[in-house]
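I have placed the structure first, in the form of structure tokens, so that the comments after it can refer back to it.
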Amino acid sequence: MARYKVTVATGDVAEAGTNNSISITLVGSRGESRRTTVSLLFLSGQEKSLSVDCGQDLGPIVLIRLHKWRLFLEDAWFCKDVRVTGPDGTLYRFPCYQWLEGVTTVEVREGSGKKLADDELQILKEHRHRELAARQEAFRWKNFAQGWPRCLNVGSILELDSNIQFSCVRATDFTGFLILQGASHFLSGFLLRSTSWDSLDEMRTIFSRTQGRDIVPEYVAKHWQEDEFFGYQFLNGNNPIIIRCCTALPPKFPVTPEMVAGSLGSGTDLGKELQEGRIFIVDYEVLDDIPADTINGRQQYVAAPLCLLHQGTDGFLRPIAIQLNQTPGPSNPIFLPSDDEWDWLLAKTWVRNADFYIHQLLTHLLRTHLFGEVFAIATLRHLPTCHPLFKLLMPHFHFTLHINTLARSVLINPGGLIDKGSGVTYEGLKLVVQRGLEQVTYTSLCLPDDIRHRGMSHVPNYHYRDDGMSLWEAIQSFVTSIVTFYYGGDAAVCGDTELQAWVMDIFTNGFLGRTSSGVPSSLQTVEELIKFLSMVMFTCSAQHAAVNNGQYDLGAFVPNAPSSMRHPPPREKGRAFLQHFLDTVPEVATTANILVTLILLSSQLKDRRLLGQYPEERFTEAEPRRLIRAFQRRLEEIRDRIEERNYLAELRYNYLNPLETENSISI
């Protein structure tokens with residue numbers, strides 16, 4: 001007789017318990033136990049212990065079967081884990097962390113990370129094959145729009161597997177928050193006013209009602225007209241990845257030395273500043289000829305500007321020339337800081353409007369949300385639960401499939417919040433993302449390579465770069481240690497067929513098989529694997545935080561990030577004035593609609609998990625758990641450095657503080 005001591009734990013989450021019958025079967029290398037009842041009632045967070053007696057030693061316990069059965073009403077159960085102690089005292093851990101629904105049997109592998117090549121028992125090979133076959137049936141690809149990354153084939157959040165849906169707590173918080181903000185703006189009258197703002201000062205009233213969140217918007221309202229703050233936002237705003245060093249002006253942007261001489265200061269000229277790397281350019285060419293929409297029956301307008309900036313002797317970036325469309329000519333003047341105040345301010349506001357589109361559709365939607373979904377689906381389809389990379393990556397996809405499915409239902413759908421509140425048509429929105437994907441490169445997704453490629457390594461006050469590099473290096477160090485623990489060398493990487501299928505799925509369905517992107521379709525070395533995993537984890541955590549968390553801060557004051565423009569770009573100078581400006585930026589109702597969205601997207605909802613937090617203990621070996629603790633300590637050091645820098649700063653850059661950076665794209 002061999003006796004096994006078994007402890008079954010229910011997760012400490014809302015509604016986790018069950019009154020359905022739960023039983024267990026132990027499967028060892030030399031046989032399996034009879035099916036044994038665990039409990040007829042589980043409460044959230046509760047553990048139940050029992051003994052399972054067998055006629056013989058089963059050998060090492062390699063998997064368990066959990067059986068759920070109901071007599072009357074269905075009551076789903078969330079199993080945290082199972083621990084089994086063998087007759088010889090050996091402890092086996094079985095991390096589960098999943099919902100069991102209906103009458104079902106779920107097989108759970110012992111928790112050690114195992115690649116396909118590590119499995120010797122046929123029963124384990126068959127288990128991982130069955131698991132992936134079931135996942136590939138459950139998580140299928142579909143096209144959302146032509147030329148976009150493919151997405152999960154579901155019609156709404158109601159079709160999602162329970163294990164990837166929002167938790168009860170988060171779903172309630174999300175819905176309540178949206179209703180509260182919408183009601184607040186409705187009752188305040190903003191959503192009912194389809195007229196221009198009465199004054200610039202009146203625009204502040206819409207965010208002054210949001211208690212505790214008006215500090216940065218007030219700063220923006222005070223400084224938005226200043227050239228220095230305009231330049232600052234290309235480094236540390238919501239879209240810090242579009243600016244690049246300019247060593248030669250493109251022919252389509254014919255700025256002359258005489259035009260900018262007054263902005264550069266004495267003792268230098270445009271040629272010298274270009275040569276010495278102090279001129280920078282932002283080009284919104286992707287918006288060229290994008291069709292504009294109507295809002296409340298009124299035609300909107302879209303521009304595709306170019307902006308030239310100069311790094312002064314004080315280290316700050318300031319704009320020195322703006323052209324509002326791509327084709328130079330007499331009706332497309334180059335605006336300068338020396339122009340009339342309203343001409344120059346309106347030109348800068350057109351740049352901010354273009355930046356709103358590129359940030360929302362490319363930097364935020366495409367390069368974090370859509371790619372994050374691709375990474376998540378490919379992981380579910382090709383890496384079984386026991387694979388070490390599944391254990392590493394899954395925390396970085398927490399709630400991503402839910403939030404993206406929701407976005408396709410209410411945010412980026414025809415008639416959705418973005419369609420209603422922005423100045424591009426729905427077809428234009430789809431075209432911008434299609435063009436953006438065609439231009440994405442692997443270099444641009446890997447922060448160290450991207451910074452070098454854009455020539456931004458030595459620009460001062462670039463907090464996104466500095467904090468981002470700290471997080472990239474911490475993530476890469478953690479990934480390096482995990483990978484080298486599980487992969488003995490390059491041959492192990494090449495020979496991991498599940499890994500190779502995962503990478504190919506990402507290349508095919510995320511980047512549409514475009515080899516010119518430089519995104520790999522296979523991984524041949526440990527070094528290549530480390531870089532690719534670092535990119536995935538950074539994209540889903542730090543990069544999303546950097547481009548998402550400041551949306552309300554920097555967008556609440558509408559002229560700083562207008563979502564639409566109601567007059568066409570000026571074709572000559574000297575025609576701008578205050579009322580024309582008020583009649584160009586979004587009307588009151590449009591502002592309120594967009595602001596509800598920005599508040600929600602940059603909110604801290606309940607049940608969030610910060611970078612480095614792994615409440616689900618998927619790794620059971622001692623070394624990976626030690627590596628996680630080391631990663632957490634390094635993140636604490638980064639947090640301390642950022643908070644020390646921010647302590648005396650008038651405008652704090654905190655979007656990459658690990659205390660503000662979620663593990664995944666969940667909002």
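Positions of Cβ are set from backbone N, Cα and C atoms, glycine also.
Copied from TrEMBL, the annotated features are:
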- GLY17, ASP75, ALA76: Ca(2+) binding site (BINDING)
- HIS364, HIS369, HIS544, ILE667: Fe cation binding site (BINDING)
- 2-114: domain 'PLAT' (DOMAIN)
- 114-667: domain 'Lipoxygenase' (DOMAIN)
- TRP99: site 'Essential for stabilizing binding to COTL1' (SITE)
Top Cα neighbour of ALA76 (Ca(2+) binding site) in the set of binding-site residues HIS364, HIS544, ILE667: ILE667
Spatially closest candidate among TRP99, HIS364, HIS369, the listed recorded positions, to GLY17 (Ca(2+) binding site) (Cα to Cα): TRP99
Cα-Cα distance linking TRP99 (site 'Essential for stabilizing binding to COTL1') and HIS544 (Fe cation binding site), given in Å to the nearest integer: 28
Binding-site residues (HIS364, HIS369, HIS544), the one with most neighbouring Cβ atoms at 10 Å: HIS544
Other CB atoms within 10 A, centred on GLY17 (Ca(2+) binding site): 20
Nearest of the binding-site residues (ASP75, HIS364, HIS369, ILE667) to TRP99 (site 'Essential for stabilizing binding to COTL1'), judged by Cα-Cα distance: ASP75
Under 8 Å by Cβ from ASP75 (Ca(2+) binding site), same chain, sequence gap 6 or more: GLY17, THR18, ASN19, ASN20
Segment-level pLDDT (mean, integer) for the domain 'Lipoxygenase' (114-667): 94
Under 8 Å by Cβ from ILE667 (Fe cation binding site), counting only residues of that chain that are 6 or more apart: ILE403, ASN548, LEU600, LEU601, SER602, SER603, LEU605, ARG608
Output field, Fe cation shell: CB within 8 Å of site CB centroid, site HIS364, HIS369, HIS544, ILE667 dropped: LEU365, THR368, GLY372, ILE403, VAL547, ASN548, LEU601, ILE665
Shell of the Ca(2+) site beyond GLY17, ASP75, ALA76, same chain only (C-beta within 8 angstroms of their C-beta centre): GLU15, ALA16, THR18, ASN19, ASN20, PHE42, TRP77, PHE78
Surrounding CB atoms that lie within 10 Å of the CB of ALA76 (Ca(2+) binding site), all protein chains: 16
